[in-house]
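The active site annotation in TrEMBL covers His360, Asp412, Glu421. Residues or ranges marked as compositional bias 'Polar residues' by TrEMBL: 470-479. Residues annotated as domain 'Carbohydrate binding' in TrEMBL: 481-553. Taken from TrEMBL, the feature region 'Disordered' covers 459-479.
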Amino acid sequence: MTKQALSKSILFFEAQRSGYLPHNQRVTWRANSGLNDGKSAVDLVGGYYDAGDNVKFGLPMAFTITMMSWSIIEYGKPMAAKGELGHAMEAVKWVLTILSKPTRNLMSFTERLTRATGSDLAGETAAAMAAASIVFRRSNPAYSSELLHHAYQLFDFADKYRGKYDSSITVAQKYYRSVSGYNDELLWAAAWLYQASNNQYYLNYLGKNGDSMGGTGWAMTEFGWDVKYAGVQTLVAKFLMQGKAGMHAPVFERYHQKAEHFMCSLIGKGTRNVQKTPGGLMFRQRWNNMQFVTSASFLATVYSDYLASSRGTLRCAAGNVAPTQLLSFAKSQVDYLLGDNPRGTSYMVGYGNNFPRQVHHRGSSIVSIKVDSKFIACRQGYAAWYTRKASDPNVLTGAVVGGPDAYDNFADERDNYEQTEPATYNNAPLLGILARLGSGHSGYNQLLPEAVPVPKPVAAKPKAEPKAKSTSNPATTSSPISIQQKMTTSWNDKGRTYYRYSTVMTNKSSKTLKDLKLSISRLYGPIWGLTKSGNSYGFPTISTLYLQGRVSSLYTSMLLRRLMSQFQVTTWLNNRRKLLQLGVRFVQLYRMQSRGKEKGYFSFSC
């Protein structure tokens, strides 16, 4: 049951794709769309439509990615066992094409924001990129590093230029108003940046700002695209259970208490509990209530595993509660969603026999262009298709709609947008719950870094925007060889910014350099421009580099393919019976597309 639901819930995201659709698109009734988005300023082609009306909104889109990434981080293994991990990762990466455009576009976006404010939007986007960087750390380390770098940039901006995004983008107030403000997003982003980077700076940020920004003060009964406090409290409680709080333990304990308040409210054992329908569904509001159901159920799922991993119990006003009760709550909500409810209705389109047939969704409710190529104007679509009292011509498989009212009532009507409209942030948390419930594994230890290697701890604020500089940094002061790197040029092609780096090696000694070899470890894929000899690389032909008393340079640029984000290069210089070893470290990698082959430039320095 859960495997089918998981597959369908991921498939829904392909129906929400905007931009140029890929050759392996599985929702075949969709076609390319939104190809001129941002054409007059910044390239914004791509991403997801948030719900049913062919509009893209940054705040809920970023939250969608954060929650999908969190689902993969926690439950990627059971997803892989069901053959869905690749699809889930593709769903994450699709949005990052718009949230993480090349550096020029990102900085243009940032420069525009500095003339306004947008801490909540920038903070959520930083959280999304940080979380996604963990998802791709093992499979694509260079891409992961790029995402984390952008997350640093956005957090730095969000914290420096504080303000609500809908105060600057006022039209957003009609659709996705930031009621909670931006403090929750700043804490949320800091938590994800700490988890992604292991940098003590972000842990300190959570400790120093927890009280003043509401992280330890707000006792929540909801969690969603606007209000992140319960999510922050859950993550910080995890850090506390992992023994990472250090001097911030008293503050982190207050986060922990608020996390437990939220969990107790879900299972009806707190001082202020969530409302539920007669059939047992958590109920927050009429308009798209299901978003709160899936988000809260996800927090209950991970917190249950955190507690079980630490051999702890949930401390509620009504007494201590076993972690399994939280998982049982999450299962009850998913069961209701999939049809175990008074109406016998599945609120996931295409799942079961009784599901919504008149979904409030433009693409689903209008005949596909692949079936009827005649142009349908906006007003024509509204008049001829929106008001039809018939099933949608295209089944929006996997979409989770808004769901029933407070009394379990539901009207399957296209204009009943409060109940029949789907949204990406309804599905995103559901991925993790379904993967967990379908695993049949009771021995999870979510406090251990099983999925990806954790970075080494550091304790400094990262530079948000490191500039490319020429550097000359010999391995030792007495070294006869110096190595200098610099960026020689950059260019833009089809919306991507590329960088070329060069490396100059200079023989400063009075002796002749006769041979040079490079040994590169942890290299994935072929290398161009060098000749391999055994386990080392050399230049095709190295002529004698000048004679005694004259400075010489060796200039080259190298093409590498699919590298790990860091590797070590060791250079041997055979200099008249003397062996000099220089440790050289990978600095930066940018992917480029050239004649259908993925390539990248690299640079290095001592």
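Cβ from N, Cα, C; glycine included.
Given the structure is predicted, the values throughout are model-derived calculations rather than measurements.
Shown in sequence order, Pro356, Arg357, Gln358, Thr420 are the residues of the chain, 6+ apart in sequence, with a C-beta less than 8 angstroms from the C-beta of Asp412 (active site). Taking the Cβ of Glu421 (active site) as centre and 10 Å as the limit, one finds 22 other Cβ atoms among all the protein chains shown.
Sequence-distant contacts of His360 (active site), defined as residues of its own chain at least six apart whose C-beta falls under 8 angstroms from its C-beta, comprise Gly52, Val401, Arg414, Asp415, Asn416, Tyr417, Thr420, Glu421, Pro422.
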